[in-house]
Amino acid sequence: MYPLARRILFALDAEKAHHFTLDALNMVYKLGLIPVTGNRTKPVKLMGLDLPNPVGLAAGLDKNGEYIDALGALGFGFIEIGTVTPNPQPGNPQPRLFRVPEYQGIINRMGFNNHGIDAMIQNIEKSKFSGVLGINIGKNAVTPIENAADDYLICLEKAYAHASYITVNISSPNTKNLRALQGGDELSALLEALKNKQAQLASVHGKYVPLAVKIAPDLDEAQIEDIAHVVKSVEMDGIIATNTTIDKSSLGSHPLAGEQGGLSGLPVHEKSNRVLKLLADHIDGKLPIIGVGGIMEGRDAAEKIRLGATAVQVYSGLIYKGPALVKECLKALAQ
């Protein structure tokens with residue numbers, strides 16, 4: 001069924017197909033045609049949260065929390081929405097999303113296009129979803145990098161009451177200078193500020209919402225070691241490895257190899273796994289890792305768990321394989 005749908009969708013502009021697919025999924029869900037499945041096939045504890053299974057949806061598919069209920073019916077163990085910023089922003093000019101089917105890859109330079117944190121919260125409040133919901137937060141493009149912490153703090157405060165966990169996205173390649181926040185001193189200052197705010201909010205709301213940070217695949221071992229040291233010292237609750245890569249050498253002479261943006265899907269598989277393995281070695285079990293990047297079939301999810309991840313997330317694989325990928329991953333993890 002999905003291979004036929006994919007042929008039709010891949011004939012459309014990538015971004016238009018993205019919105020069409022989500023709208024269609026939402027309509028089918030509202031008509032009651034998606035059998036809601038809990039998929040408690042492999043329960044796992046992540047950052048103190050009880051997941052029915054370890055296969056989650058990565059941020060980026062539902063940027064504004066408009067499709068939470070429909071996505072929640074597909075059997076994910078957890079869902080992450082965003083990236084969201086304090087204020088609405090249009091993102092980068094179109095075209096900004098490209099498929100590379102020969103390599104099962106996707107290039108995006110979306111640029112955190114979203115309706116803002118207030119609109120997202122309204123969508124969450126309308127949702128009936130009762131599962132584990134992560135909110136991925138970022139900074140507005142117009143905010144100077146030296147003031148980035150202000151944007152993250154605004155989003156953290158507003159999202160706190162509505163999230164099961166919150167992810168600090170400092171690794172998108174499509175917001176100018178954002179990845180500089182992965183540097184030791186910059187990272188330490190940002191995460192310390194967020195952890196202090198987290199403690200205040202936990203007291204106010206009477207609940208503890210875990211904080212994770214999402215890192216890039218384009219890091220050398222020294223940088224990974226520095227990040228591991230910082231996240232352990234500030235006592236982050238989790239880390240997500242990885243975001244998209246800016247390295248498109250795997251595409252060879254493909255016409256899209258020169259496009260700006262982050263590359264995801266199969267081409268990021270090895271780079272993401274390398275970071276995951278090194279990170280797991282340096283973290284030494286002090287906090288859980290969510291593995292994401294290049295999961296195109298069930299054995300890819302199982303490989304990330306073997307390399308040290310507690311849970312995994314998928315996105316690009318869904319575009320190429322459809323919702324059946326979730327069950328395929330769960331089957332592989334159950335073996």
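Every residue, even glycine, has its Cβ placed from backbone N, Cα and C.
Per Swiss-Prot, substrate is bound by ASN108, ARG109, MET110, GLY111, PHE112, ASN169, ASN174, ASN243, THR244; the candidate from LYS63, LYS277, LYS286, LYS304 named for the same site is LYS63.
THR83 is the residue from THR41, THR83, THR143 that Swiss-Prot records in the FMN site together with ALA59, GLY60, LEU61, ASP62, LYS63, ASN136, ASN169, LYS214, THR242, GLY265, GLY294, TYR315, SER316. Under the three-state DSSP scheme, SER172 (active site, nucleophile) falls in the coil class. Site extent for FMN: the farthest pair of Cα atoms among ALA59, GLY60, LEU61, ASP62, LYS63, THR83, ASN136, ASN169, LYS214, THR242, GLY265, GLY294, TYR315, SER316 sits 20 Å apart. For the binding-site residues LYS63, ARG109, LYS214, counting C-beta atoms within 10 A of each C-beta gives the highest total at LYS214. A Cα-Cα distance of 13 Å separates ALA59 (FMN binding site) from GLY111 (substrate binding site). Taking Cα separation as the measure, ASN243 (substrate binding site) is nearest to SER172 of the recorded positions LYS63, SER172, TYR315. Our reading of the substrate binding annotation (LYS63, ASN108, ARG109, MET110, GLY111, PHE112, ASN169, ASN174, ASN243, THR244) yields a largest Cα to Cα distance of 16 angstrom.
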